[in-house]
Amino acid sequence: MRVSIRKRLSGFMLAMVVPTVVIGAGSLFLVQEVVDRFEAAIAEGEEEILPAIRLQTLINRAIIFPNDYLATGGRQEISRFREAAAKVDAEFDRMVERSLFDHQEEKGMVQEALGYWLASRQTATTLLGISEPVGNPEAARLMALMDSQAMQATKSLGAIFTIAQEERRVELRRANEAYRRMIQWVVFLSAAGMFAGIVLVFLLDRHLTRPVQALTEGAVRIGGGNLDYRIEIRTGDELEVLAVEFNRMAVILHEDREALKHLALHDGMTGLLNHREFHRRLSEEFSRAERHRRPLTLMMIDVDHFKKFNDAYGHPQGDKLLKLVSEAIKESVRQSDIVARYGGEEFAVLVVDTAVPEATALGWRIQKRIYDMGPEIVRLITGVDGVPVTVSIGVASYPDGAATEGDLVQLTDQMLYMAKKKGRNQVCTAAQDGAPKE
């Protein structure tokens, strides 16, 4: 049965003498102050921090499409960006209209973030207006400017998080001060109550002090960034409800943080690593291969005639095809290998501790698997029978053929081009002397 703090304190007052009544009244007042401070800290997270994180996520998601447009030139990225940008605009409007922030500096950060976002959106619009962006230096410059402006917008929103954290810490300090005053009040008046005071201290410690300490410790840990910490209180009263709400806020913040991290590192459609994260991992693995003198092989895979497929069956079906091809590639390699969507219909696989012959054999297995399952994939996606799906694969390795990280990427790309030039649906490998071999 749930018994509220008010009823417990009322029972204490009926059972105790006047000093106990004073203790009960003072404790009720101070506990309510502690609860109010904790509720204010929770509201700070839900009303200010979460909208800022959600807006950061929407901005990062929106700028993916201009980046993809620069890499592939796909016109579908224009409409996708407009839809994503509209969501960002709507979120900014909602944030301003609801007046979520009572701190003048926070309002300034919102306006600053909005200004950077509008600049980034205008830059993206200019970029998307370039008809042939692939390999265009001006388009590349605009993309870098857009990314910088978007980063400034998310940085300004991140500053809101910092300000809100500080406001929450202030509320927690006030709660701690109220808690200390409550303890001093109880100890001071317990001397007048003797036995009644001892009994009251015991009851308060069981039903109030320990739960408040647990809340205080939990608030400090969660406020310090330990979002995996959980407050365990089983009092059946408002403090338990407060602990549950605090734990729920920690879960939401943790999920949003992990979602933002995942979004920053992975391609939204296939779930594979994105282009930027792949190059970071490539640099790590290349340095490790140089340090330990171990082979490292790079494989680039391109879906043949993908544009024709898109034109014939539509972009949604093309997206489904790329997703199924990415799953087939992922299932064909080892867990230690690194798979990424390199851009458009092109994928990259980093085969660690593996020389050219083994990696070439892996490439042929991938080619055969996609070739064998291609007609069934197309039938599932479009309902049309007998349409093949093939891939062209280029393979190059360090140190057998490439001496630097840049050489490895360039040589692999050349092998991919050669595979396409020789008729597609095959694997071309760089030999040790730099000449291609099948």
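Cβ coordinates come from backbone N, Cα and C, glycine included.
Here is what TrEMBL says about this protein:
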- 12-31: transmembrane segment (TRANSMEM)
- 182-204: transmembrane segment (TRANSMEM)
- 206-258: domain 'HAMP' (DOMAIN)
- 294-432: domain 'GGDEF' (DOMAIN)
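In this model, the domain 'HAMP' (206-258) carries an average pLDDT of 76. DSSP assignment over the domain 'GGDEF' (294-432) gives 70 helix, 34 strand, 35 coil. Counting residues of the domain 'HAMP' (206-258) by DSSP class, helix then strand then coil, yields 39 helix, 0 strand, 14 coil.
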